[in-house]
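K.L.:
Got a structure for you, written out below as structure tokens; questions coming shortly.
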Amino acid sequence: MRMFDGRVLLKQVILLFWPLISTWVQGAEKIDSCQLQVLEMLSSLGSAGGKSAKPSFVSYVTPEEIKSEKEPSRKEKHPDLLPGEVVFCSASTVLKYTQDDLSQRGVFGVLLCTNFRVSFVSDEEPTEEMGQLFKNKLYGENDIPLSCVDNIYGGSEDKRKLITGGLVKNKYPSKMIIHCKDLRVFQFSLSFSKEEDAKKIFQGIVHHCLEPKSLRCLFAFSYCENTSYPEAQRKKQTVMFDSVEDWTQDMKRTKGNCRVVSENSNFELSPKLPQYFIVPKNVSDEDLTKYQGKGLPMWCWSHHSGCALFKTASIPLVQEDNVPQTYMEKMLTAVAHNHLYSVKTEDLSDTLPTVQDILLSYNKFKQFFLIDNTTEFWMSDMKWFSSLDNCGWLDIIRQCLQKAVEVVESLEKENTNVLIMEEGGSDLCCVVSSLVQLMLDPYYRTLLGFQSLVQKEWVAGGHAFLDRSNHLHLKDKVESQSPVFLLFLECVWQLQQQHGPAFQFSETYLTVLSDSVHVPVFTTFLFNNDGHRDSLLRAESPHTQRSPLNCPTVWDWSVQFDCKAQDLFTNPLYTEKPKQDTSVRKSYRPRHLRQLSLPSSAFKTPPKKGFFKDEADNLKKILGVKRLSRWMLSPSSDSPQTSSSVREFYEAWQTKPLDYHGLLLPCLDGPSIRVWMQRYLRWIHDVQILGGGPVAMLSKVSEILGEVQELQRQLDRHGCTLTSNHKGARPRAKTAAAVIAARSSVRLSSSFPFVTSRNWAFKPAIPTSLLQSLMVTGMPGNLADREDDGGPESLV
Amino acid sequence: MASASIPVYNRSNNPLENSSSQNDPSVTLNVPLGAIGRVEKMGGASSRGENSYGLDITCKDMRNLRFALKQEGHSRRDIFDILFRYAFPLSHGLLLFAYLSQEKYEENGWSVYKPMEEFRRQGLPTDKWRITFINDNYELCDTYPTILVVPFKATEEDLRKVSTFRSRGRIPVLSWIHRENQAVICRCSQPLVGMSGKRNKDDERYLDVIREANGTAKLTIYDARPSVNAVANKATGGGYEGDDTYQNAELVFLDIHNIHVMRESLKKLKDIVYPNVEESHWLSSLESTHWLEHIKLVLSGAIQVADKISGGNSVVVHCSDGWDRTAQLTSLAMLMLDSHYRTLRGFQVLLEKEWISFGHKFASRIGHGDKNHADQDRSPIFVQFIDCVWQMTKQFPTAFEFNERLLMTILDHLFSCRFGTFLYNCESARDTNEVRSKTVSLWSLVNSDSTSYLNPFYTPESSRVLYPVASMRHLELWVTYYIRWNPRIRQQQQSPVEQRYMELLALRDEYLKKLEELQLTDSSPNSSHLSNSSASNAASPTQHINHLHTPF
């Protein structure tokens, strides 16, 4: 790739690229009449400082310029626009700095802002096709979906200022730094562009990325109107939990014995409640309508012993008014009735960090990865561990996992019903309940199972994705922003890291899923709950017959990746549970029953915290307490005891042979909770291990897996009976391995598949500023200054 | 341990076994006596409380053992005396266990390293570099091996002159030469500059001859120490090569701290991992030990050396005496540059050459059989080096032929005194004590069972230079070594990745065999392929159900 020294070549470059300045028009010309309507609507929202209410593209160029850009060679100087995508503004001769050093080098190109993304199109001819393997079909490596923009900084010389939107009128900085939510960092210099263009692109990007907007302006709506997804293909086998059948099925699968509620199918009970849900048998119709669903125990999962996990939005218990308390009491009794009159409740608001804590911690944490340059990187390397520690992110992950283990212990060891609650009931409740199910139920560790779990607990479960991500930049929603779903994925990653072979999906899958939250195309992450989704999709539908707008969900992976790339979502270490012989199958029991490694009978210890029928009277007493205490039936259990009990539970589990298709518990010790390297370090040039990293090993596994699968196909063709232990050698009809297998591990780097090594010189990263890094202090007798081999014979 | 019975003690010296007959599971501990660093009595006759009276054993391998004993009788005195005597045989005029061991192995590990062979493998001698036997009787330098490679242009007389200006006579000699660009890694000790800033024309010329050998403009001298320490060394007669005196050389300090700092650092690390892993603020605690930071400095020093060599520039590496930090740097750089050292045999050669033959003071650093646990000469320099190697194997899991088990085995026998490999400070001492004839080499053990030390993922790539990333982001604590005594750390014989890989390999072989058989029967005239396949299809309906992949 050619590099320009910006300052020296300034003149030359401007001459060279003058004709390109208005290349965006190519995109504009594509817009047909029906899209103009959209364009008008969007531009009237105030593109480029609300300059005009008309389609704004006219005002950007003079007719002469339009003539001059008709050269065919310039055709490709805009990204391939997606259906429904419209260019708002653009500027040419923008310099995109290469990230890896301070030398101010970079590549020139056109910077555009569309209704979907900020896009940089390099003037350089695309070099190799190396990066094509894991190409995202929606956006490329130089594209930033608008919702993915995290912060924009204006820079001049060495100062850097956070742009908060609205402030800039006529000024624009010479340098624009964009931090993305997927942790990429872009730096653009606007000093070589025409002043007018630079101002417009800067203001345009700031406006579209940071200013409040309405939900209808999100790209999904214009995208979906212009594309169609065949419904049948779209759902595949992910259980969407948008029908009575889906819920009934899941309850049957886990042998639950609760009541499926379909009274809310038109959101008559409450728009905040899921369309369909499950409650304990003893909950009456009348109970359903009280408190807009607050306090209603929603079934999550049933343990094979019969006890089950429920979650609920807690009702603020007002002291004088006794009504909610009576209601709560009734609900608790209903939960207790589910199995052996036992119940434990846990108010997560009391014991886990708040959504604000989570946001604060993550904001500190992510800064360690938004690295502008090499110097900054090595400076921060010195205090890496303590910085990590101080931001508390890993500790929050640990706390969530620990809480989940506590719940697992209650279900698995004590066979007690558990009701977790929090205000809203759709944040940490979702985190904990999903983690519990991942640990207990191997089905959720398959790819489709996991997707179904997210549908069940998060999407149908009413996690407020829209508010939590604040895609719309609404000022009144700033407070509710919080990366709760990411926190969940982090916890899953920890589990997966510790017990790799237990998961059918790969680390890459989780990373991509975490990125997809910020791609405003999928209905999965755009709404706050079922009711919200339903009403908007109906309202936006172009068809009068009120069939809702047909949008892809994130599980339609083919929207983003082709099949080959999707192969990287499966974990080559995963093996299916070896099938048992047919005689066993006759007496059918739900799958998970056979797979739980710890029969509950093994743990029939006297229930420490559970309670049984005769204790039911206590309920009333305890419920009189203003706030439900954690594990309210054992007021004495404070946290050290709990954690030691959890430890015992873990240790008892650990002494048993590990069954990847059974119960999984995470180790919570300091060294075991780690940083999700792939997600956080993938863009940082200095830490890429060329030809190394875990991928070097995994690709060899994939390689051999591919060979084995090929052999199996050949044997099949011969009609050979494979009786022996062909353990999981058939994860899919087609090979999951061919992709990586074709590539020698040498060329892969530790950030595979996200960054390809084509841009890198094979030069080692040598840490700078080493001397300052090690201040050896507090050494007895100043050992640091001593000679290695002291004493009289030290020197000749 | 409530009322532990007297530890069952194996008088044949090795190993020590302690089984406590507690209520249910009897615990069996296996501690080589060589790993014991310190034995102390705790509590006196008047001590109260269950576990206040007994023995406290500090081990060199990151664990402490405490045994509670009954106060009646003199059981403790006996066991203490015996332990003390046999754990520290050299302090009691006894022989190290390696001299008593009768072990026999198929392979003779002493034949692994033959200096001439290794130099020949590197393409030596050349017209610029010659092999000298000047040190045949350890006269030039008593801590160097007998066979040395020096510049062709330097006469024996030159070498003698240079040796007067290098600490302990450890003159710059060749460790490794790059086959293509002929750049070399030379190692030595510090020049004896002293307070007055002495110069030595012979030394200056000698270094210039090294530079000339492959015709580069500048020779880079890596001084492993922090510059402050190098300056301070002038006071005791040492120092560093000044810019003004060594015209065509540049001097770079690598800021690696001394043996005392490393010792304290590992001590702190032990405090946070044994007996329990520090719960709160684990990462901050880890950082405060500086252990990984030292690892980072050593690795990045070696990266710089390797990078210079790849760029065609010769380098000279030294610290103060050239047997601690220097050995770390040269051997790590060689590991990065030369894929031969990443093989099982090659790694043994590397250790034999850069550490054992060039006089890393194993005896002083480890204190084999010596009761003086507070000896200031002790330091985990070699452990730190093995940790660096482990970090590299972590970052490049397919680049090394050997596995983690080899590294653990090496460290276990660094202390165990079961093999002669790591005994004594230098070759001359080993000759005197007839190590090669009277003890068994560790490599006999390893090479007699080499398959269990092999990395299944190994993919040989001969010409590749491995640059690890020396960033704290990638460096991690070697949990399976430092915290292996913690029951909560799952000790896996094989990593799940490895296990899966082996399974698949076996499966592939099985299928290949089957396919071959099938093709044989297919080609035989009597069986038609069609009928064959349809028959077996009909016969195995269940099989085909198994193939479907729809768990739910």
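Each Cβ is built from the backbone N, Cα and C atoms, and glycine gets one as well.
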K.L.:
According to TrEMBL, which listed range is region 'Disordered': B:1-27, B:352-378?
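P.N.:
When B:1-27, B:352-378 are checked in TrEMBL, region 'Disordered' belongs to B:1-27.
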K.L.:
Mind giving me a neighbour count for B:Arg325 (substrate binding site)? Other Cβ atoms within 10 Å of its Cβ, every protein chain shown.
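P.N.:
So the number of other Cβ atoms within 10 Å of B:Arg325 (substrate binding site) is 30.
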K.L.:
Looking only at B:Asn258, B:Ile259, B:Cys319, B:Ser320, B:Asp321, B:Gly322, B:Trp323, B:Asp324, B:Arg325, which the record lists for substrate, tell me the maximum pairwise CA distance in angstrom.
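P.N.:
With B:Asn258, B:Ile259, B:Cys319, B:Ser320, B:Asp321, B:Gly322, B:Trp323, B:Asp324, B:Arg325 as the binding residues for substrate, the largest Cα distance is 12 Å.
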K.L.:
For B:Arg325 (substrate binding site), what is the secondary structure state per DSSP, taken as helix, strand or coil?
P.N.:
helix
K.L.:
Return one of helix, strand or coil for B:Cys319 (substrate binding site), based on DSSP.
P.N.:
coil
K.L.:
Do any residues at least six apart in sequence from B:Asp321 (substrate binding site), in the same chain, have a Cβ closer than 8 Å to its Cβ, and if so which, in order?
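P.N.:
Set apart from B:Asp321 (substrate binding site) by at least 6 residues yet with Cβ under 8 Å, we have B:Ser167, B:Arg168, B:Arg170, B:Ser189, B:Gln190.
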K.L.:
Which residues of the same chain, at least 6 positions away in sequence, have a Cβ lying under 8 Å from the Cβ of B:Cys319 (substrate binding site)?
P.N.:
B:Ser189, B:Gln190, B:Asp223, B:Ala224, B:Arg225, B:Ile256, B:Arg325, B:Thr326
K.L.:
Taking only same-chain residues 6+ apart in sequence, whose CB is under 8 Å from that of B:Trp323 (substrate binding site), what do you get?
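P.N.:
Non-local contacts for B:Trp323 (substrate binding site): B:Thr143, B:Arg170, B:Ser189, B:Phe358, B:Gly359, B:His360, B:Lys361.
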